[in-house]
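Asker: Per TrEMBL, region 'Disordered' is recorded for 1-48, 91-111. Per TrEMBL, domain 'Endonuclease/exonuclease/phosphatase' is recorded for 51-348. Annotated Mg(2+) binding site per TrEMBL: ASN54, GLU85, ASP227, ASN229, ASP347, HIS348, in sequence order. The compositional bias 'Basic and acidic residues' annotation in TrEMBL covers 99-111. As annotated by TrEMBL, active site applies to TYR187. The site 'Important for catalytic activity' annotation in TrEMBL covers ASP316. Per TrEMBL, the feature site 'Interaction with DNA substrate' maps to HIS348. The annotation active site, proton acceptor is assigned in TrEMBL to HIS348.
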Amino acid sequence: MKRFFQPIEKDGSFKKPTISSVSSSEKDGEQTTETISESDGNNKKEPTKFLTWNANSFLLRIKNNWTEFTKFIENLDPDVIAIQEVRMPAAGSKGAPKNPRELKDDTSASREEKLVVTRALSSPPFKNYDVWWSLSDSKYAGTALFIKKCFQPKKVSFSLDATGSKHEPDGRVILAEFETFRILNTYVPNNGWKEEESSFLRRRKWDKRMLEFVLATSDKPLIWCGDLNVSHEDIDVSHPEFFSAAKLNGYTPPNKEDCGQPGFTLAERRRFGAILKEGKLVDAYRFLHKDTDMECGFSWSGNPIGKYRGKRMRIDYFIVSERMKDRIISCEMHGRGIELDGFYGSDHCPVSLELSVKDDADTKQG
């Protein structure tokens, strides 16, 4: 979520970090993976444990919070890790075409930053994962998808378009396809505060394309995760009245449905509801957790200093196809309270999903 009220975090001293890459063939913006035989000690054919996290700068998390986050990953042992707000620029020199799948390394500063990241990813547990990047031209937005090497996707693409031939602007999408499902990692554009191209209009266009995507890909079950930048119901925010009345510099949008905190306007919430209903999708966390949880029920927390202290929202999700809902074992948020415990330096906490193993009978039925 856009932190319009949060001070910029300063880089800290980094802890020792190294290299992770994916073996693949590339065509028209898609990557078709080569099979890598590597056992992780189980007989699962496909991933069943997933984690999503808006890192609010992946480089800063490596420099400042890596030891704690690494321990968390070792204990949880997810098969797939979806990251949003990587905030590292794509490869390519100034004025030249950029490569959103590679980290920038054409300056001394960018080479040092890339080295910090590649070192971190060369050590356990991250060396057990392949990683795909979709990066912005600058230190903004961007996503990453880590998949255990024993679970090779059939295809990875980077767009909501049917062809998947290009990267979404700002690297907001990574889509991995497995034999029986797809997983979509998204960093959804913030709604903003105004009726302008980079604000309300951008979000409306995104939501329209997202609905078109879920309808066009209904041939296979979908797991949609990431920072979706919307709190669907009143129960998904800590202070509904506060967020409903929020304004920026006293501005009131002309349309009443666009009023309020970005992510909690009626317009966004209704469009999100339509995507779930028409796409036959289920909010995995709310499927299991029906009641308000003021301690662990939110994934984003406002700055502990100022008027947003204690103000929290659930804007990070796992959304699954209805036909997968009976396989949901758990969906949990791993942060708690207003002091950002379990947030690992970000303003978002990790969210996990675990599914039961799909048996052969289910596979035959599709």
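Cβ atoms here come from the backbone N, Cα and C positions, even for glycine.
Where the annotation comes from TrEMBL, it is an automatic prediction and has not been curated.
Source: prediction; values computed, not measured.
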Asker: How big is the gap, in Å, between the Cα of ASN229 (Mg(2+) binding site) and that of ASP316 (site 'Important for catalytic activity'), rounded to a whole number?
Answerer: 7
Asker: Just to verify a number: CA distance, ASN54 (Mg(2+) binding site) to ASP316 (site 'Important for catalytic activity'), in angstrom, no decimals.
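Answerer: One finds 8 Å between the Cα atoms of these residues.
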Asker: Determine the mean pLDDT over the domain 'Endonuclease/exonuclease/phosphatase' (51-348), rounding to the nearest whole number.
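Answerer: Mean model confidence (pLDDT) across the domain 'Endonuclease/exonuclease/phosphatase' (51-348) is 96.
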Asker: Count the residues of the region 'Disordered' (91-111) that DSSP assigns to helix (H, G, I), to strand (E, B) and to coil, and report the three numbers in that order.
Answerer: 4 helix, 6 strand, 11 coil
Asker: Near the residue listed as 'active site', which binding-site residues out of GLU85, ASP227, ASP347, HIS348 have their CA within 10 Å?
Answerer: GLU85, ASP227
Asker: As a test of the contact definition, list every same-chain residue at least 6 positions from ASP316 (site 'Important for catalytic activity') whose Cβ is closer than 8 Å to its Cβ.
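Answerer: ASP316 (site 'Important for catalytic activity') has long-range Cβ partners THR52, TRP53, ASN54, CYS225, GLY226, ASP227, LEU228, SER299, TRP300, MET333, HIS348, CYS349, VAL351.
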